[in-house]
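Down below is the structure, laid out as structure tokens.
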Amino acid sequence: MDMITVGQSVKIKRTDGRVHMAVVAVINQSGKCITVEWYERGETKGKEVELDAILTLNPELMQDTVEQHAAPEPKKQATAPMNLSRNPTQSAIGGNLTSRMTMAGNMLNKIQESQSIPNPIVSSNSVNTNSNSNTTAGGGGGTTTSTTTGLQRPRYSQAATGQQQTRIASAVPNNTLPNPSAAASAGPAAQGVATAATTQGAGGASTRRSHALKEVERLKENREKRRARQAEMKEEKVALMNQDPGNPNWETAQMIREYQSTLEFVPLLDGQAVDDHQITVCVRKRPISRKEVNRKEIDVISVPRKDMLIVHEPRSKVDLTKFLENHKFRFDYAFNDTCDNAMVYKYTAKPLVKTIFEGGMATCFAYGQTGSGKTHTMGGEFNGKVQDCKNGIYAMAAKDVFVTLNMPRYRAMNLVVSASFFEIYSGKVFDLLSDKQKLRVLEDGKQQVQVVGLTEKVVDGVEEVLKLIQHGNAARTSGQTSANSNSSRSHAVFQIVLRPQGSTKIHGKFSFIDLAGNERGVDTSSADRQTRMEGAEINKSLLALKECIRALGKQSAHLPFRVSKLTQVLRDSFIGEKSKTCMIAMISPGLSSCEHTLNTLRYADRVKELVVKDIVEVCPGGDTEPIEITDDEEEEELNMVHPHSHQLHPNSHAPASQSNNQRAPASHHSGAVIHNNNNNNNKNGNAGNMDLAMLSSLSEHEMSDELIVQHQAIDDLQQTEEMVVEYHRTVNATLETFLAESKALYNLTNYVDYDQDSYCKRGESMFSQLLDIAIQCRDMMAEYRAKLAKEEMLSCSFNSPNGKR
């Protein structure tokens with residue numbers, strides 16, 4: 001560090017390769033580095049440079065240091081011999097050479113120590129210079145004897161190169177006196193030492209680089225690796241995109257293919273055994289439709305085993321990285337997109353045919369999103385808008401019913417087969433075999449639910465059943481949606497009933513239900529009241545259906561069947577040990593239907609999971625523990641059921657032979673019947689509200705408070721509508737009777753001697769009754785209109801949740 005001082009100007013090299021002058025600001029002795037500063041573009045800049053780099057760019061510092069440390073010896077004049085008089089400065093040159101070589105060796109040792117070079121191995125050869133000659137100066141007699149100087153020349157095994165050793169050795173003669181050749185080489189010797197030091201500095205700079213330079217090289221290396229990796233990823237991306245050209249979901253498709261490559265596919269085969277369950281839950285995946293192919297949809301459903309299904313839901317992380325969330329579901333059966341209707345029927349509805357011949361109630365219903373294939377599975381395949389009913393579950397079950405009926409075991413029972421077909425839309429029941437006539441659902445004195453006015457036709461063969469199915473499907477309420485051009489908007493119920501010949505008692509009944517699309521329940525917050533009521537009814541019916549199936553599995557004492565018309569009609573199918581139910585969950589394989597598919601599968605999974613866990617509760621002693629019902633609960637059950645058994649059918653038609661005095665009480669009796677019906681409807685509504693409260697408590701995680709309030713408002717609206725319509729029907733019948741009485745009273749005035757007092761008295765009584773009926777009808781309609789406005793305001797006050805089921 002002695003050759004450099006603070007304030008000295010030295011050359012430095014920038015990271016971009018530029019070389020310029022800078023001023024030494026700080027010298028770090030321990031770190032062997034120097035801090036330099038320079039002025040550039042109006043500001044002072046600085047950096048830390050290692051000593052090796054400074055010496056490499058400034059070799060003159062080494063030469064200056066060697067010259068400064070080489071102190072000249074005083075010249076002693078002596079008389080030289082005659083033979084040396086031609087070269088009077090030879091002795092001085094030799095002395096200077098020795099001093100310079102000594103200082104050069106010391107300087108080289110310092111440089112090597114600064115570069116952490118191991119200690120040198122000193123050779124055994126010593127350079128001894130014996131000067132015994134007398135030097136004569138200017139003819140004087142005085143002589144000078146030079147002293148003996150021993151110079152040890154270090155030898156480095158690895159640090160010094162051969163060229164450097166040669167230069168140093170050539171600069172110092174071995175055991176000889178200085179001669180003209182040595183004197184001639186004295187000057188270049190010091191220059192050779194400086195050159196060696198410069199070479200060593202360059203080597204140290206190559207091994208010890210500055211931190212900034214190392215960081216730049218590291219960043220450059222990382223950048224090159226990153227670019228190479230990006231190029232590889234781009235090539236892989238192009239290769240994957242070539243597998244699905246033009247598909248925006250190619251990345252998701254590739255992840256699904258990679259996951260499927262780890263699965264072992266063992267699908268359901270036609271020859272496998274059929275299991276017997278009281279409640280069978282299965283799922284069917286339909287093929288991708290032509291519309292989905294045109295939209296570049298991808299298949300996100302995998303069916304690896306006969307009882308397992310996986311939904312590959314694409315998700316995104318916070319950094320927008322895509323990944324798959326694989327949802328696994330397990331059911332009794334899982335049908336892939338290669339299974340046809342015959343195979344689905346074999347494992348679902350066919351085992352239930354035997355149940356109805358043994359005196360049981362069987363139910364098979366299809367559940368799923370609009371366009372998932374429910375009507376295709378239950379009714380038959382579609383060719384455009386024309387449905388082929390021969391390969392649906394309806395027709396195949398009817399065929400097996402007649403085959404079983406002709407077996408010797410059941411032929412002696414003399415059973416009669418009849419069929420009915422109706423639909424449930426927005427809480428109303430319509431007969432599909434009688435021009436969609438509106439029907440009423442009531443309970444008789446034996447607490448049996450009856451569909452009043454339902455058309456039930458006796459059938460003798462499969463062809464007659466097919467005609468009924470075609471007629472009913474043509475009349476069913478449907479509409480066009482984005483998923484399906486012929487979307488079902490109602491629950492269709494097709495029933496095959498077995499009765500003994502000459503009896504009205506039901507021996508067995510098979511109910512096939514094609515449910516409305518489950519995504520319709522999301523429309524409970526729609527701006528259209530009809531759509532809201534339709535969605536609310538679908539929500540209630542599906543939740544009630546699930547709870548009724550749970551009650552069937554647990555053998556529960558109470559069914560919340562009054563919540564919806566669907567469960568009211570199917571009440572007898574959920575009671576008794578001989579009742580069996582089969583659920584077919586229909587799903588769409590497309591990516592756009594992933595959310596609805598998961599809702600459908602979760603609904604079906606809860607049904608089966610609850611049945612497996614909650615069939616019976618075993619006591620420690622091994623006996624089954626029945627569900628206890630208190631006296632208050634039994635009384636509550638009776639209070640909810642008995643009002644329906646005493647409901648009267650209004651009939652205000654009086655015989656034509658009755659006198660005018662007897663007809664007036666008949667009209668008054670009509671009003672009494674109306675009031676009685678209203679009271680019964682109120683009791684029915686109270687029971688329905690209790691069932692709805694029970695349903696909401698059982699499905700607290702699926703129904704929010706806002707949704708429950710909206711359901712209650714819509715229920716109240718539907719009950720009020722039924723009361724108003726029923727009262728209006730009775731008023732029409734009363735008006736027909738009143739018109740006949742009014743004409744008869746008017747005809748009395750054609751006689752000259754008619755009784756004016758009797759005429760006025762009877763007319764006053766008749767019109768008073770008519771006024772009471774009109775006022776009551778007006779008040780009921782005003783109340784109904786107020787409830788409509790209330791429901792409208794309620795639907796606008798909050799947003800309904802996403803239709804959980």
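Residue positions begin at 1 at the first shown residue.
Just so it is clear, glycine is given a Cβ too, placed from its N, Cα and C backbone atoms.
Swiss-Prot annotations:
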type     : residues                                                       : note
BINDING  : Gly368, Gln369, Thr370, Gly371, Ser372, Gly373, Lys374, Thr375 : ATP binding site
COILED   : 205-244                                                        : coiled coil
COMPBIAS : 80-94                                                          : compositional bias 'Polar residues'
COMPBIAS : 123-136                                                        : compositional bias 'Low complexity'
COMPBIAS : 158-179                                                        : compositional bias 'Polar residues'
COMPBIAS : 180-200                                                        : compositional bias 'Low complexity'
COMPBIAS : 648-664                                                        : compositional bias 'Polar residues'
COMPBIAS : 676-688                                                        : compositional bias 'Low complexity'
DOMAIN   : 278-610                                                        : domain 'Kinesin motor'
MOD_RES  : Ser157                                                         : phosphoserine
MOD_RES  : Thr630                                                         : phosphothreonine
MOD_RES  : Ser795                                                         : phosphoserine
MOD_RES  : Ser797                                                         : phosphoserine
MOD_RES  : Ser800                                                         : phosphoserine
REGION   : 1-274                                                          : region 'Globular'
REGION   : 68-94                                                          : region 'Disordered'
REGION   : 117-211                                                        : region 'Disordered'
REGION   : 633-688                                                        : region 'Disordered'
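Features recorded in Swiss-Prot, as mapped to the structure shown.
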| residue | record | Cβ within 10 Å |
| --- | --- | --- |
| Gly368 | ATP binding site | 29 |
| Gln369 | ATP binding site | 23 |
| Thr370 | ATP binding site | 23 |
| Gly371 | ATP binding site | 27 |
| Ser372 | ATP binding site | 28 |
| Gly373 | ATP binding site | 25 |
| Lys374 | ATP binding site | 27 |
| Thr375 | ATP binding site | 25 |
| Ser795 | phosphoserine | 20 |
| Ser797 | phosphoserine | 10 |
Distance [Cα-Cα, Å, rounded] between Ser795 (phosphoserine) and Gln369 (ATP binding site): 24
DSSP-derived class (H/G/I helix, E/B strand, else coil) of Ser797 (phosphoserine): helix
Gly368 (ATP binding site) in three-state DSSP notation: strand
Length of the line joining the Cα atoms of Gly373 (ATP binding site) and Ser797 (phosphoserine), in Å: 36
Whole-number Å value for how far Ser797 (phosphoserine) lies from Gly371 (ATP binding site) (Cα to Cα): 32
Lys374 (ATP binding site) in three-state DSSP notation: helix
Ser797 (phosphoserine) versus Gln369 (ATP binding site) - Cα distance in angstrom: 28
For the coiled coil (205-244), mean pLDDT (0 to 100): 80
Length of the line joining the Cα atoms of Thr370 (ATP binding site) and Ser797 (phosphoserine), in Å: 29
